[in-house]
Amino acid sequence: MKGRLWDNGIIPYEIDEGWSAYRKALARQAMRHWENHTCLKFIERNKTENVDFIFFTEKPCGCCSFVGKRGIGAQALSISENCAKFGIVVHEIGHAIGYYHEHTRPDRDNYVQVFTQNIMKGQQANFHKLPTGRVISLGQKYDYNSIMHYARNTYSINGFLNTIQPIPLGIKPPGIGQRVGLSAGDIEQTLILYNCPKCGSTFQTISGSFFPPKMNVNAPRKSLACEWRITATPGEKIILNITSMEIFKSPNCSRDFVEVRDGHWKKSKLLGKFCGRGDIFNIRSDTNRMLIVYQAATINTHTGFLGNFKVFCGGTLHVTSIGYLASPNYPDDYRPNKECIWKITVPDQYQVALKFLSFDLEHHAECSYDFVSIHGVLDKNASHVATLCGQTVPENIVSSSNQIIIKFVSDRSKERGGFSAKIFAEYNECDRKDHGCEQTCINTLGSYMCACRQGLELQSDKRSCADACGGTFKAPIGIVTSPAFPELYPGSKQCTWIIEAPLQHIVVFNITYLDVEGNDYDDQLCEYDQVNVSSLFSNGKYKQHGSFCGTKRPSIIFSESNVLEISFGSDDSVQHTGFAAIYYIVKLADTLVIMQRKSLTLLVDPNECSIRNGGCEHDCVNTLGSFQCICRTGFTLHENKKDCIQGDCVHDIFTVSVPPMYGIINSPNYPKYYPASKDCAWHIRTLPGHRIRLIFMNFNLESHPECYFDNLQIFDGDSSKSHQKGRYCGRRVPLSIDSTENQLYMTFKSDNNVQKKGFSVTYYTLCGGALRASKGKRQIYSHPLYGNASYSSMKSCDWFVIGNDGFNIKLFFKEFDVELADDCSFDYLEVFDGLDSHDSRSLGRFCGNQVFSIKSYRFEANAIVFRHPLN
């Protein structure tokens, strides 16, 4: 077993980044549990220093681990969702530390009885008794309470039968299989196994004190060695004060001393080595760990020292390659009323990259309670990057310089799990000339990757590109094109496509575009480049339907079996644009119908947009026999009809007067990220007497408590000088917004820093509303499509016309055409002298086509109700 121990009790680890925040925290809590009771140290793996490490992941075995250190690099410690419990994770870590199951000890038959007939098939190996010599129990007695012991019904065939039980040792047999935590025997055995110092302890608290035991001058002569380990959260630091020091003084403190190191082990940076008398104050760590070693080799009456420490968060963190940061007390809930400010610095010519591994803060729309705020630092000036809260893991953040400032704030209530983050010294490898990518270089966090243009594929060297072609198709409909279509196909290329239909089906194949080197005659030989189409039969034979080249498209091809082969070949001379074809798989019984009815419309209308987006820079819309490129909001179509250029971002919208009575407004470049430094405005109008409603479908702008950087503002009128309805940013979707009258004004502004996805909002008209009467004339239209279409059925609209005190309100109807009925029981306009149509006096109900006028007799307000039929 000794060969499987981790050197110096240090166990490097990594956690699968695909794990949930809960499982990540659970793994760290279990490791802290082992650390807190032993001298073991679990550290985040450093790729340059730690070859061997445990990797928390999920394997088909569910929850399992190799016993001890394998010494082959990464060794999996599997925790599935079904067994992600604290005690189980502590148990599996026990295996990785070096422990077999307690009930497999060579002497287990003296303590437990195993019922092999009750064990699930495939799990018997977990109960095998290990041979003497393979397991060294270090003189420790059998531990029924060990975290490494199975319960009575573990892996039972029905859950009720015992698979293992203690041999009776009295009236009440001991319990087995607890998963609460380490037993006293687990702790004692680990202290012996890893040769932990006999005095000292581990601290995982925000403050504490410690001192060595007093030496007995009458005891046998032997040295005393103690070790105290202080562990804080990544991003926290430690201050240590040593007082009442009275240690035998020797040259360079070579005999008796107290030694303080900035880290987790004996080779960490030395902060000081002390002896003699006096007090030492403000010994500060630069990391989140501190190791204090005390050695007394001299028999004397010196009392030792008193150590006091405190943990604080914030400060400057220098990251040369990879570092870690977490909220105070992570992975447990963060503490209330905390404020931590970190300044992260990486080497010059690098950027700070922040990747959140888990995130769980109190949620608030404006992140007003608990939050993480991030500011970039450029030329000593700080610029806001993001303010984060809630439970969604934020996107990766990359600074524009080699410094960022991160601030964490918690209020006095609602503590949650907090956050953990990985910090990279990020370098854009794509800026280097030797990145090796043949076509496109894509920078990623900590690395880069190569990519190829559409129609090409990355080769096995992950750097070079070659034309993609060939393959097998089984979908009921699909498209086949020559390599790089609609660009020139490459020379010396051979491609084969197989279209495989079910039995009793055939393939209908239509070449919709052909431009292949060769002539256009019916007897063409196609001796240079060609497209060959053949039916393949189950007996290995085939029938060729033709070899095609030139520009003359052949007739539609119907396969004579359920498999059609298309091959394309080009020589090394002249290249053309190639071919495009569409295929359909149809039942054999339907073939005659297709041919007789010539129902080939679908067959001859391929979706050009499915091939390299039709060459469109933004969006491609397929049309019958063709296609059309369109640009996203904020861009206009170039004269080449494919590219998009940034256009004017000021819009006057009055489309609600013609069908349809709604529309969509998107931020520039939506659904892609909006550009930097944009300043846009939308003036939305409808007919007088009607209002505008906005309903937001998606919303994601750079966040800030005051929406200072990127924002969307909405004004209740015709300009930004009108009353502001709201100012919005962040990710919370605004509620619907209604205009008071017939106009709304929207502005969108982005700075030159962070860009997000933007917004998409639907606008449409509402009839009715509250109107203010003035000395001048104002107009009301019965419905938004007035002048273009009749009003619709099942419609009811209310207008509230409010006048000033001391004035009457008079209504003049220039046009009036409402369905006529004897009692106006179907369509009508009813006017009330007051704001409440139930309590106010009706001034009349009107229908037909006679123009009239009405004068109110009250001085405060009138309500006008226009109702459409409800039948």
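Note that Cβ sites are derived from N, Cα and C of the backbone, with glycine treated the same way.
Just so you know, TrEMBL annotations are computer predictions that nobody has curated.
Annotated features, as they stand in TrEMBL:
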ACT_SITE  Glu92  active site
BINDING   His91, His95, His101  Zn(2+) binding site
DISULFID  Cys61-Cys83  disulfide bond
DISULFID  Cys63-Cys64  disulfide bond
DISULFID  Cys199-Cys226  disulfide bond
DISULFID  Cys313-Cys340  disulfide bond
DOMAIN    1-197  domain 'Peptidase M12A'
DOMAIN    199-312  domain 'CUB'
DOMAIN    313-426  domain 'CUB'
DOMAIN    469-586  domain 'CUB'
DOMAIN    649-766  domain 'CUB'
DOMAIN    767-871  domain 'CUB'
>> Restricting to the disulfide-bonded residues Cys61, Cys199, Cys226, which ones have a CA within 10 Å of the CA of the residue listed as 'active site'?
In response: none
> Tell me, what is the mean pLDDT of the domain 'CUB' (649-766)?
Replying inline: 84
> What does DSSP give as the helix, strand and coil breakdown of the domain 'CUB' (313-426)?
Replying inline: 0 helix, 61 strand, 53 coil
> Sorted by position, what residues of the same chain at least six away from Cys340 (disulfide bond) have a C-beta under 8 A from it?
Replying inline: Gly235, Glu236, Cys313, Gly314, Ser327, Pro328, Lys407, Phe408, Val409
> Under a three-state reduction of DSSP output, how is the residue listed as 'active site' classified: helix, strand, or coil?
Replying inline: helix
> When you average the Cβ positions of His91, His95, His101 for the Zn(2+) site, which other residues in that chain have a Cβ within 8 Å of that mean position?
Replying inline: Ser65, Glu92, Gly94, Tyr99, Tyr100, Ile147, Met148
>> My understanding is the cutoff is Cβ-Cβ under 8 Å with a sequence separation of 6 or more in the same chain; which residues meet that for His91 (Zn(2+) binding site)?
In response: Ile147, Met148, Arg179
> Counting distance between Cα atoms, which of the recorded positions Cys61, Cys63, His95, His101 is nearest Cys199 (disulfide bond)?
Replying inline: His95
>> When secondary structure is assigned with DSSP, how many helix, strand and coil residues does the domain 'CUB' (199-312) contain?
In response: 3 helix, 68 strand, 43 coil
> Between His101 (Zn(2+) binding site) and Cys64 (disulfide bond), what C-alpha distance do you get in Å?
Replying inline: 12
> How many other Cβ atoms sit within 10 Å of the Cβ of Cys64 (disulfide bond)?
Replying inline: 16
> Reported as an integer number of Å, what is the Cα distance between Cys83 (disulfide bond) and Cys63 (disulfide bond)?
Replying inline: 7
>> Helix, strand or coil for His101 (Zn(2+) binding site)? Use DSSP.
In response: coil
> Looking at the disulfide-bonded residues Cys61, Cys63, Cys64, which has the shortest Cα distance to His95 (Zn(2+) binding site)?
Replying inline: Cys64
